[in-house]
Each structure stands twice: as structure tokens, then as C-alpha cells.
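Chemist: One structure coming up, written as C-alpha cells, with questions to follow.
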Amino acid sequence: MASIPDYIGSALYAGCALVALLPVWDKVRQGHPRKAGWLMVAAFLLALVPLRLLGAEELARDSLRAIVQTDYDYSARGALQGPIAAALLALATLVAGFMVLWRGMDLRRPVNLAIAGVFCMAGLWTLRILSFHPLDRIFYSGVAGLRFHYLLELACLGAVIAGVFLYFRKPKPRRGERRYR
């Protein structure tokens, strides 16, 4: 059963997905061929809506917990989760470095800022599913019901909205100039 934060989170995901479709609409209107980045951002956020409402994150976390309880010593789960969390963080760092160095991912390009927000959201979901106790202590701490991981999710969604804002704020190119959006 979905909770009120799940409904709010799903509404925010859907709203940000619709906002991420605004540059796609603008590009279609202008006949511009490069829309894949914005479509990927919107599709990812739309995919999170049913996952959040159906409790897929909790289901995956509970399934992993059941596997650890049956196949490993549950009290020593930190010895298993710690290296996995470190490997995930290292992998995320390598992927980010690769994208910056190889692809020339410039965060001044609005679509790249939105993609970075989506990658951070995927990493946040993965770390919450992993349920590593030291990270859980940070994620689920908060004040007045506002948990830290909610703030991290809002920051990721804020990066998507900021990307859309920057897309429409950039001056239109003069005739004959290339447009990188």
C-alpha cells in the first residue's frame, strides 16, 4: 500500500517528466533532430511513478534482505553490503568521469544537467535498495518527518527542472549557427 510520501513522490516524478518533455516539444516544433536526451530523462522519471506507487523499492530491499538472511549470517551483513556500496560509489564515479572526459559532458548544456539529475536519482534508489546501515542512518534521519533522502530526491528533480529552465533561458542561435541543446 502506497503512503502519502509515495503519492507525493510519484506526482513529483510525473510533473518533472512532463516538464522534461517541454524541450522535446520545442525541438519538434523547430524541426531539430536531437531529442533523445530529454526523452530519456522523461521516460526514466515516468518509469519511477509506478515503481514508487507499487513499492518496488521496498520489495527489492525485502527480497535482498531475505536472501541475506537465508544464505548468509544476517548479523554480519555489513561485511557484504559495505564492499557492494563502495563498489557502486566507485562505479558511479568512474561512469561520471568517463562521461565528462570521453563524451565531453558539459553541465552548462541543459540536457546534461537533467541527465546528471537522473543518474543521481538512479544511484540514490540503488543505495536505498542496498540498505547499508550507515547510509540508512543518514538517509532516514530528518526533522519533522522530512527525511534526508527526500531532500536528495528533490535535489535530483531540481537538476532536471534547472536543465529545462536553462534550455529555455539560452538565447536562440542566429541563422546558420549550430545549436547545442
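Even glycines carry a Cβ here, placed using N, Cα and C.
Just lifted these from TrEMBL, have a look:
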type	residues	note
TRANSMEM	6-25	transmembrane segment
TRANSMEM	37-55	transmembrane segment
TRANSMEM	84-102	transmembrane segment
TRANSMEM	111-130	transmembrane segment
TRANSMEM	150-168	transmembrane segment
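Explain the structural surroundings of these features, please.
Modeler: Only residues 6 or more beyond the boundaries of the transmembrane segment (6-25), in the same chain, are considered here, and those with a CB under 8 A from a CB of the stretch are 35, 38-39, 41-43, 45-46, 48-49, 52-53, 55, 110-111, 114, 150, 153-154, 157, 160-161, 163-164, 167-168, 181.
Listed as Cβ neighbours of the transmembrane segment (111-130) (distance under 8 Å, sequence separation of 6 or more from its ends, same chain) are residues 20, 23, 37-38, 40-41, 44-45, 48, 57, 60-61, 64, 81, 84-85, 88, 92, 95-96, 105, 136, 139, 149, 152-153, 155-160, 162-164, 166-167, 181.
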Chemist: Taking a Cβ cut-off under 8 Å, which residues six or more beyond the ends of the transmembrane segment (37-55) line up next to it in the same chain?
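Modeler: Counting only partners 6 or more residues beyond its ends, the transmembrane segment (37-55) has Cβ contacts under 8 Å with 1-2, 6-7, 9-10, 13-14, 16-18, 20-21, 23-24, 27, 111-112, 114-115, 117-118, 121-122, 125, 157, 160, 163.
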